[in-house]
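Visitor: The structure is given below, and queries will be raised subsequently.
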Amino acid sequence: STMSSAATAAADAPALEEWQVESGRLKKLGDASFAAKEYVAAITCYSSALEMDPDNHVLYSNRCACHQAAGNKSKALKDAEKVTEIKPDWAKGWGRLGTARFALTRYDGALFAYQKGLKLDPANAVCKEGAPKSEKAAERQSVEKAHKLDREEKEREAAKAREAEESKSKKEEPQTEDDLLGDFFGDLTEMTTASAPKKSEKEIQAQDKYLKQDLGSSAEQIGRLLAPNHVFKNLNPFYVMMLEIDANIEDVKTRYRKLSALVHPDKNIGVPNADASFDAVKVAYDVLKDDGQRKHTADLVEAGHMRADDEHQALTKAAKKDRSVAVPSLEEMKKKEVMRLFAEIEMKRRDIEARKQSQKKREREQEDEESDKFRKEVKFEKEWNKGDRQETRVGGWREFGKTVKKPEYKR
C-alpha cells in the first residue's frame with residue numbers, strides 16, 4: 001500500500017519543465033564535484049544551473065561553499081548575500097553570510113549574520129560556533145582601530161588642507177563635447193531608472209498569455225536570434241525575449257528560464273553559434289530584470305511606435321491623393337521604427353566610445369613620444385660623457401685660459 005500511494009503521488013505531481021530537469025542535472029554534477037573537492041568543476045556546474053534558474057537560493061548557497069573552499073572570498077560573499085536576499089528566512093543562508101564576512105575580517109557583519117541565523121534556528125551549528133568567535137574578533141578589531149584614530153585624524157586634517165590649497169590654485173577647465181554627452185546620458189539614466197513604489201515580487205504573477213505562448217524548438221529560436229540584421233534586432237531586449245512592454249518581472253524570469261534552456265550551448269552541442277544565441281538571451285535578461293532599465297526600454301519601444309503611427313498616417317494621406325504610394329502595415333512599420341531607434345542609440349554609443357578610444361590613443365602616443373625623447377637625451381648624455389671626452393673638453397678650456405692675455409685697465 002505504501003508503494004502504491006508513493007506511485008500515486010508521483011503520478012499526481014506536475015511534470016517538470018525542461019529547464020528544471022536540466023538545472024537539476026547540473027546541480028547533481030556540482031554536488032558530486034564538490035564532494036570530490038573539485039571546486040572549479042563544481043562552480044562551473046552550479047553557474048550553468050543558475051543561468052536557467054537564477055532565483056534558486058540552494059544553488060547560490062552551494063556555489064558560495066565552493067568559492068569559500070577555493071579561497072575566492074569576495075565571490076563567496078557575493079553569493080552569500082544573494083542567498084539571504086532570495087531566502088531571508090533560511091538560517092543556513094545567514095550562516096553562509098557570516099562565514100563569508102568573517103573570512104574577509106568583517107567581524108561585526110559576521111556577528112550580525114550569525115545572530116540573524118540563530119533567531120531563525122537556535123540549533124544551527126554554524127551560527128552557534130561562529131557568533132562567539134565573531135564577537136571576540138570584533139572586540140579585538142575595535143581596540144586596534146581605536147589606537148589608529150589620532151593618526152588618521154591628523155592625516156585627514158592634512159589632506160583637507162592640501163585639497164583646500166589645490167582648489168584655490170586649480171583653474172576651471174571648459175567641458176569637452178564628450179563630457180557634455182556624458183552628463184546628458186548620466187542625467188537620462190537617473191531619470192529613467194527612478195522607479196515608483198512597487199509591489200513585492202510575491203504579489204506579482206506571470207501572465208497567462210506568456211505562460212501559454214509557444215516558443216517553438218531550439219533550432220527555431222537559434223534561427224530567430226541569428227536571423228539577418230540580428231545585431232540590430234537583438235538590441236531590443238523585448239524582441240529577444242519575445243515579450244511585450246507590459247511584461248512584469250515574473251514574466252521576464254519565467255521566459256528567461258524557458259528560452260535559456262532552449263538555446264543553452266550544452267543542449268546544442270555542435271550547433272554553430274548556439275553560444276551567441278544564449279549570450280543574446282542573457283544580455284536581454286540582465287536589462288529587463290532591472291525595473292528601471294525595463295521601464296526605460298519600454299519607453300524607447302513606445303517612442304518607436306509613435307514614430308511609426310505618425311509616418312503611417314502621413315503615408316495613408318499621401319496614398320489617398322496618389323494611389324502609387326505604398327502603405328505598409330502599421331505593425332510592420334512599428335517593428336522597423338523600433339529597430340531603427342535602437343540602432344540609432346547604439347551607433348551614437350559606438351561613436352562616443354570610438355572618440356574616447358581615439359583620445360586615449362593620442363594621449364598614449366604623446367606619452368610614448370615624450371618617453372622616446374627622454375630616452376634619446378639620456379643616451380646622448382651617456383655617449384657624450386663616455387671615456388675621457390669630458391675631461392678633454394674641460395682641459396682644453398683650461399689651456400685656452402692660460403694663453404689668453406688679460407686686458408690692462410687704467411686707473
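Even glycines carry a Cβ here, placed using N, Cα and C.
Grabbed the feature section from TrEMBL, which reads as follows:
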type	residues	note
COMPBIAS	130-174	compositional bias 'Basic and acidic residues'
COMPBIAS	352-365	compositional bias 'Basic and acidic residues'
COMPBIAS	372-392	compositional bias 'Basic and acidic residues'
COMPBIAS	399-411	compositional bias 'Basic and acidic residues'
DOMAIN	236-302	domain 'J'
REGION	130-182	region 'Disordered'
REGION	352-411	region 'Disordered'
REPEAT	23-56	repeat 'TPR'
REPEAT	91-124	repeat 'TPR'
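Give me the lay of the land around each of these features.
Guide: Residues 95, 98-99, 102, 105, 107-108, 110-111, 114-115, 118 of the same chain, all 6+ positions outside the compositional bias 'Basic and acidic residues' (130-174), place their C-beta atoms under 8 angstroms from a C-beta of that stretch.
The DSSP breakdown of the repeat 'TPR' (23-56) into helical (H, G, I), extended (E, B) and coil residues amounts to 27 helix, 0 strand, 7 coil.
For the repeat 'TPR' (91-124), the model gives a mean pLDDT of 93.
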Visitor: Would you mind listing the long-range same-chain contacts of the repeat 'TPR' (23-56), meaning Cβ under 8 Å and 6+ residues beyond its ends?
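Guide: Counting only partners 6 or more residues beyond its ends, the repeat 'TPR' (23-56) has Cβ contacts under 8 Å with 16, 62-63, 65-67, 69-70, 86, 253, 256-257, 260-261, 264, 266, 278, 282, 285.
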Visitor: Report, as numbers and ranges, every residue of the chain located at least six residues beyond the repeat 'TPR' (91-124) whose Cβ falls under 8 Å of a Cβ in that stretch; write 'none' if there are none.
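Guide: Same-chain residues near the repeat 'TPR' (91-124) but 6 or more away: 57, 61, 64-65, 68, 73-74, 76-77, 79-81, 83-84, 130-131, 133-135, 137-138, 141.
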